[in-house]
Amino acid sequence: MRGRHADAYSMYKRGTRDYINAYDKEPGSVRSLNGVSKEIGNPSWKRSFLYILVASLASFLYGYHLGVINETLESISNDLHFNGNTMAEGLVVSICLGGGFLGSTFSGLIVDRVGFRRAFQLCALPMIIGSSMSATAKNLWGMLLGRLFVGTGMGLGPTLATLYVTEVSPAYVRGTYGSFTQIATSLGLMSSLLIGFPAKETEGWWRICFWVSAVPAALLALFMEFSPESPHWLFKKGRAADAEAAFEKLLGGPYVKGAMAELSKSERGGEAETVKLSELLFGHHRKVVFIGSTLFALQQLSGINSVFFFSSTVFKSAGVSSQSANICVGIANFLGSFAALLLMDKLGRKVLLIGSFSGMIVAMGLQAASASSLVSSSNEVYLSVGGMLLLNA
């Protein structure tokens with residue numbers, strides 16, 4: 001059995017090398033990324049735009065499920081009879097993050113095995129099931145199980161969306177399209193906060209909030225059936241003809257040869273160096289991995305998730321209307337994402353990261369100052385809410 005797999009793998013490699021050599025020998029095959037050449041210019045961004053929107057539904061769902069518990073937690077705790085139990089309330093909020101850990105852990109393996117289209121559909125499935133379970137929950141355990149299912153989809157979704165957008169976007173708008181996923185997350189968060197407003201006045205409204213989230217999940221699963229697979233994944237699987245067809249759908253016929261030539265070069269580089277997990281952690285890649293992981297960790301340690309989950313409670317304790325404050329939270333998050341959309345391809349990622357973390361420092365400073373004895377009680381609320389909104393942006 002092992003020999004049979006080895007023979008198949010070597011045949012795939014020989015086929016890939018032959019395909020690479022064919023493109024290298026073809027006159028005029030050297031073009032820039034995604035088939036952009038000086039003679040024919042950039043491919044139209046419109047061809048891939050709809051597929052980017054479909055993939056961004058995964059990020060929209062991520063944002064929705066982050067915020068859906070914000071306005072509804074009090075009603076849920078009353079109806080399911082755990083009001084005042086802070087441990088139970090914390091579990092309802094955080095158990096989806098445990099599911100997210102499981103989903104994100106296996107996301108890479110799932111994509112490598114089944115491709116992006118099927119992976120997106122697998123991401124939507126637990127979100128549909130989990131939302132239905134939460135909406136029909138009769139007790140705390142039913143709610144927790146539903147949230148756990150939703151969390152697995154949340155762990156898969158953002159990773160898939162980011163990678164898919166990167167691999168199907170024309171190079172000259174890749175940064176802009178990459179910002180769509182964050183904007184979708186912001187819109188999902190705003191939607192959940194707005195839909196949740198009647199929860200405290202209307203009995204059982206929180207169940208509607210969970211049912212609503214099943215709709216975009218179903219649309220994601222449906223529309224992915226008509227979306228192209230990532231050409232990069234197809235090429236790695238030895239399906240070069242399918243990769244060409246995907247590029248033609250995404251970029252247009254004149255750009256296929258150049259895109260395939262670029263893809264063949266990257267495949268040749270992948271053959272030359274295979275990176276193991278141990279090398280990522282301890283080899284010469286460790287610096288990049290450490291910096292990237294630290295940035296994500298610092299973002300989470302800033303307490304941003306607490307804003308998404310508990311802003312209603314925090315603002316209420318400060319004497320601020322939770323509905324008005326949550327609208328401001330959603331708007332601040334959206335404006336920050338929209339600024340990234342406009343500036344990503346102009347300023348670059350490094351400048352935006354520095355500016356973002358500088359803003360986080362100022363926001364945390366305002367929060368700390370509001371809790372100190374140096375600030376009067378009349379100004380304490382303004383500093384705290386201002387710091388929270390700045391952190392959210």
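Using the three backbone atoms N, Cα and C, a Cβ is placed for every residue, glycine included.
Restricting the average to the domain 'Major facilitator superfamily (MFS) profile' (51-393) gives a pLDDT of 85. The domain 'Major facilitator superfamily (MFS) profile' annotation in TrEMBL covers 51-393.
The list of residues near the transmembrane segment (48-67) in space but at least 6 beyond its ends in sequence, with Cβ under 8 angstroms from a Cβ of it, reads 96, 120, 123-124, 127, 150-151, 153-154, 156-158, 160-161, 164-165, 168-170, 177, 180-193, 196, 213, 216-217, 219-220, 223-224, 227-228, 250-251, 305, 308-309, 330. Residues or ranges marked as transmembrane segment by TrEMBL: 48-67 (among others).
If you look at the transmembrane segment (87-111), the same-chain residues 6 or more away from its ends with a CB under 8 A from one of its CBs are 65, 69, 73, 76-77, 119, 122-123, 126, 140, 143-144, 147-157, 159-160, 163, 233, 305, 309-310. According to TrEMBL, the transmembrane segment annotation covers 87-111 (among others).
Feature annotation from TrEMBL assigns transmembrane segment to 143-165 (among others).
Residues or ranges marked as transmembrane segment in TrEMBL: 177-199 (among others).
A Cβ distance under 8 Å defines the sequence-distant neighbours of the transmembrane segment (205-226), meaning residues of its chain 6+ beyond its ends; these are 54, 57-58, 60-61, 64-65, 68, 72, 75-76, 79, 117, 120-121, 123-125, 127-128, 131-132, 134-136, 146, 150, 153, 192, 195-196, 198-199. According to TrEMBL, the transmembrane segment annotation covers 205-226 (among others).
Marked as transmembrane segment by TrEMBL: 288-311 (among others).
TrEMBL lists 323-344 (among others) with the feature transmembrane segment.
Listed by sequence, the residues of this chain that lie at least six past the ends of the transmembrane segment (351-369) yet keep a Cβ under 8 A from its Cβ atoms are 295, 298-299, 302, 340, 343-344, 375, 383-384, 386-388, 390-391, 393. Residues or ranges marked as transmembrane segment by TrEMBL: 351-369 (among others).
Sequence-distant contacts of the transmembrane segment (143-165) (same chain, six or more residues past either end, CB-CB distance under 8 Å): 52, 55-56, 58-59, 61-62, 65-66, 76, 80, 91-92, 95-105, 107-108, 110-111, 116, 119-120, 122-127, 129-135, 137, 174, 177-178, 180-181, 184-185, 210, 213, 217, 230.
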